[in-house]
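Taking it in order: structure first as structure tokens, then the write-up.
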Amino acid sequence: MTSTVGVPAGQSTRTGRRFSLSWLGVVPFFAYVGLFLLLPTGLVVIQAFGTPEGQPTLSNIRALGESYVLTAFWRSIQLSFATAAIGAIFGALLAYLVVSGPADGLLRRTVTAVAGVLAQFGGVTLAFAFMVSVGNQGLVTLLLQDTGISVSGGWLYELSGLIVVYLYFQIPLMVLVFLPALDGVKPQWREATESLGGSTWAYWRHVAAPLLAPPFMGAFLLLFANAFAAYATAAALISQGGIIIPLQIRAAMTSETVLGQENVAKALALGMVIVVAVAMALYSWMQRRSARWLQ
Amino acid sequence: MAAVTTELTKTGDSPRRNGIGLRARSARRTRVIRVLAMLPFGLFFAVPLIALIEFSTRSSDLYGERTLEYWRAIGDNPDLLIALRDSLLLALITSVVALALLVPTMVWVRLRLPKLQRVVEFLCLLPLTIPALVLVVGLGPIYLWIAYFTPAEYDSSPLVLAFAYVVLVMPYMYRALDAGLQAIDVRTLSEAARSLGAGWFTVMVRVILPNVFSAVLNASLLAVALVLGEFTVASLLNYDNLQVAINLQAQASVGVSVALAAAALIFVFILLFALSFVGRRRSTAKGK
């Protein structure tokens, strides 16, 4: 790449060559990331504004305004908001129960390890696990029917079912994210409040809550993005149709019935990545903010 | 649930105002309340897993006889076995390629191009922000090219998914490796080896790698767990990996599918539990 011809001084030749050789060391990494991460992302953005023949068009983006897409987006937002809110509250509660126990006890180690596993759990197996517990022939359904309560498993395949199933990985994720924040709350702060005559309520209202609010909000945003982007569990649970955006993307990708609509999937993906990126950016901003106090 | 928390904070507060005997008693009460409050959580997380095992060991339905028939049937199903083999191979290839890509780059950037460290970190963590589903939409055209250049006898072999999986495991691998590399003095080690006449390959394989072995193990286990559970990319690009095969098999026999899903899950759980122990041993060693 570099020719040393024409470089007069020996010193600069050496630095010049070392400079270029150093760069060679990272070429494989950047080539790989460019080809399999940046190029596909770029393709999504570019082709969202193009016809399959490569002509620029806004028709894909216009498809985002169709009522069925808007409904799916609205349902996705409902699902993400509900699972993020419920997951954040119960996850924070569970984290608090763990933190208020002994610092290096068996309970804490077990909960952290299990949460680490379950936060990554999803897809076909998770869908199966819920089908065989609260589906039509599920364990819980049958047990309840035995006791005389008539229930059916149909709700599992609707939005309400998705909310319950998503909580299975949202709550553990919240525990993982929120535990360090709770650890950062120092007992001295409580003692200081008490020595100044503050009640438990005053401590929570004026010390703990303001300190924990930014990490809590940050974790909420992370959970929101996590639910919004999740695909595998919903796809395994609901095999037809597109009640939420990820399933709409599947429908747009797999159906070849509508000619000229191939790039609608890219427009939908673009909409999704924008929502997720905004939530994640806010999350990392919140995290930096709370890092000042809670370490 | 809210009532439980307020009670908890009250009892947690009372010892300071009461005597020693009362303190011990209320500490015990706090513990009991804590365990009681955790019960609903335990139930919510345990029931689906119990149902999974229960369902896969009963003939016909949940009232049927206990049987291991479905577990045995996994071995008689060639489609499932091929998918299982391919997913295990994919896990191996993904781990090796990702390690070969990340370890030298991260070491090199530390030694020679510290300015690029932020860029590399940003790129490695980027897949956390770009959902796999979005990536798969953009990978469609690229995989058409890959299929075009694949030799005919390997057509539709899911092993090409490794290209995409390396990107998916990058954030998790990066974090594990970064923690390992931070714990050792990469510069001194490599300069010492270089001054004794070692080439870069020797530095990488015989000096750096043994020193970050637990981080490498950690990163590989994470990659294996992730690849074995992967469904999104494979199903949308129409390749048959383990999860896609399990999902397809469910239409023929739910029992066998559930059994294989449970088996894969148990395997991944063991892997990830092993991982949490690897991580802890390293952190306690560092603490000393």
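Note: Cβ is positioned from N, Cα and C throughout, glycine not excepted.
Quick look at what TrEMBL lists:
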type	residues	note
COMPBIAS	B:1-12	compositional bias 'Polar residues'
DOMAIN	B:84-279	domain 'ABC transmembrane type-1'
REGION	B:1-20	region 'Disordered'
TRANSMEM	B:32-53	transmembrane segment
TRANSMEM	B:88-111	transmembrane segment
TRANSMEM	B:123-146	transmembrane segment
TRANSMEM	B:158-177	transmembrane segment
TRANSMEM	B:198-228	transmembrane segment
TRANSMEM	B:248-278	transmembrane segment
With the cut-off at Cβ under 8 Å and a gap of six or more residues from its ends, the chain residues touching the transmembrane segment (B:158-177) are 83, 86-87, 89-90, 93-95, 97-99, 101-103, 106, 121, 124-128, 132, 135-136, 139, 143, 146-147, 150, 212, 215-216, 218-219, 222-223, 226-227, 230, 233-234, 237, 239-241
- Item | Stretch-level contact, the transmembrane segment (B:248-278) and the transmembrane segment (B:32-53), CB cutoff 8 A, at least 3 pairs | yes
Margin query: Three or more CB pairs closer than 8 Å, sequence separation of 6 or more: does that hold for the transmembrane segment (B:88-111) against the transmembrane segment (B:32-53)?
Written below: no
